[in-house]
Amino acid sequence: MADNYEARTSSHYDNNATEFDDYFNEFDTGIGLGPDDEDDFLDIYNLSPRQRVVYQFRRTVNQFLSQYYALEPWQRILLAIGGGLIGILALLMLIFHNKILHKLVEMSNDLKEKWSTPIVLVTLIFFVAFPPMIGFSLLSTTTGLIYGISFKGWVILAIGAVTGSICSFALFKTILHSRAEKLIQMNRRFAAFASILQENNSYWILALLRLCPFPYSLTNGAVGAVYGVSIKNFAIGNIITTPKLLIYLFIGSRIKNMGETESSASKIFDLVSILLTVLALGLTAWVLYFKTQKRYQQLQDQSTINTSNDLDIDQNFEI
């Protein structure tokens, strides 16, 4: 009996080891990482800390490469060029950061004196609200660099962001509705939030969507595919979240202060303030996102139960 038990135990561990190796082989080849299968293989509680780090790293790299090679050739070229430019700018910033900061301060002071600057900023912020445009965070931080934490800066951001979002949503809800549906299908996170919006499309839920870590312009277009979301609720949801724009103004003002001061301690304080602000914003956004995912899972489970109940067979039925 002991021999049989040991044989069964050995066979059990061999099977587990084989399944574990097979999973990582599939992981390397990109198999088994679809939206429906991704969460089925996260039982990594029995892995060591080092194995978990390696697992998460390999998973992240694989997902990035899968998404990258799924793009059109011209999109991959643009992404590579953009990544190269960001790397060059980061290197230049590291080497010539003092000169660059002083130049930014001079330019911001000049732009602040021009009457046309608010109009230009509102226009640019308005247009980056349309997918696939990018640059909302950059323009918002630039506004903070020019006007600091001020009512004028907040009004510029609020007008551009709210009007741009509403117009983008209206366009994709009506004329470009098919394109909006494709935007939702591009990301399962969008699909999850779309399911929640179909259950509850109040402006509070839409405000929560704006606080989650989703691309700004893509969110405006994707929500247009959700049935039942009104322009009124979408507008109110965006207005509610306009205080969030003060964060961009704060970051811009700290960057400007770093260029104006000569004190190393003051620069370090400003840099730490920026990092802590970004970290707090990121943590808040991800907490909200994971709570949203939990609610989405509850809706999925409830839908499964309802479907199962609908398919119950009458035991008295005879053929």
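In case you wondered, yes, glycine gets a Cβ from its N, Cα and C as well.
Feature annotation from Swiss-Prot assigns N-linked glycosylation site to Asn16.
Residues annotated as region 'VTT domain' in Swiss-Prot: 144-255.
Sequence annotations record features per position, and here Swiss-Prot assigns topological domain 'Lumenal' to 1-76 (among others) based on sequence analysis.
Outside the topological domain 'Cytoplasmic' (98-118), and at least 6 residues removed from its termini, the chain residues within Cβ reach (under 8 Å) are 92, 145-147, 152, 156, 255-256, 258-260. According to Swiss-Prot, the feature topological domain 'Cytoplasmic' maps to 98-118 (among others), an assignment based on sequence analysis.
Summarised as a single figure, the pLDDT of the topological domain 'Lumenal' (140-143) averages 91. Marked as topological domain 'Lumenal' by Swiss-Prot on the basis of sequence analysis: 140-143 (among others).
Under DSSP, residues within the topological domain 'Cytoplasmic' (165-232) fall into helix, strand and coil as 51 helix, 0 strand, 17 coil. Residues or ranges marked as topological domain 'Cytoplasmic' in Swiss-Prot: 165-232 (among others).
According to Swiss-Prot, the feature topological domain 'Lumenal' maps to 254-267 (among others), an assignment based on sequence analysis. With a threshold of 8 Å between CB atoms, the same-chain residues lying at least 6 positions outside the topological domain 'Lumenal' (254-267) that come near it are 101-102, 104-105, 108, 141, 144-145, 148, 273-274.
Under the heading topological domain 'Cytoplasmic', Swiss-Prot lists 289-319 (among others), citing sequence analysis as support.
Here Swiss-Prot flags 77-97 (among others) as transmembrane segment, drawing on sequence analysis. Packing against the transmembrane segment (77-97) from elsewhere in the chain are residues 68, 71: each is 6 or more residues past its ends and has a CB under 8 Å from a CB in it.
Here the transmembrane segment (119-139) has long-range neighbours at 146, 156-157, 159-161, 163-165, 167-168, 171-172, 183, 215-218, 220-222, 248, meaning same-chain residues at least 6 beyond its ends whose C-beta is under 8 angstroms from one of its own. Feature annotation from Swiss-Prot assigns transmembrane segment to 119-139 (among others).
Packing against the transmembrane segment (144-164) from elsewhere in the chain are residues 104, 108, 111-112, 117-118, 121-130, 136, 220, 235, 238-239, 242, 245-246, 248-253, 255-256: each is 6 or more residues past its ends and has a CB under 8 Å from a CB in it. What Swiss-Prot records for 144-164 (among others) is transmembrane segment.
Annotated transmembrane segment per Swiss-Prot: 233-253 (among others), in sequence order.
The transmembrane segment feature in Swiss-Prot is assigned to 268-288 (among others). With a threshold of 8 Å between CB atoms, the same-chain residues lying at least 6 positions outside the transmembrane segment (268-288) that come near it are 208, 211-213, 247, 250-251, 254-255, 257-258, 261.
With a threshold of 8 Å between CB atoms, the same-chain residues lying at least 6 positions outside the topological domain 'Lumenal' (140-143) that come near it are 121, 125, 153, 156-157, 161, 245, 248-249, 251-252, 255.
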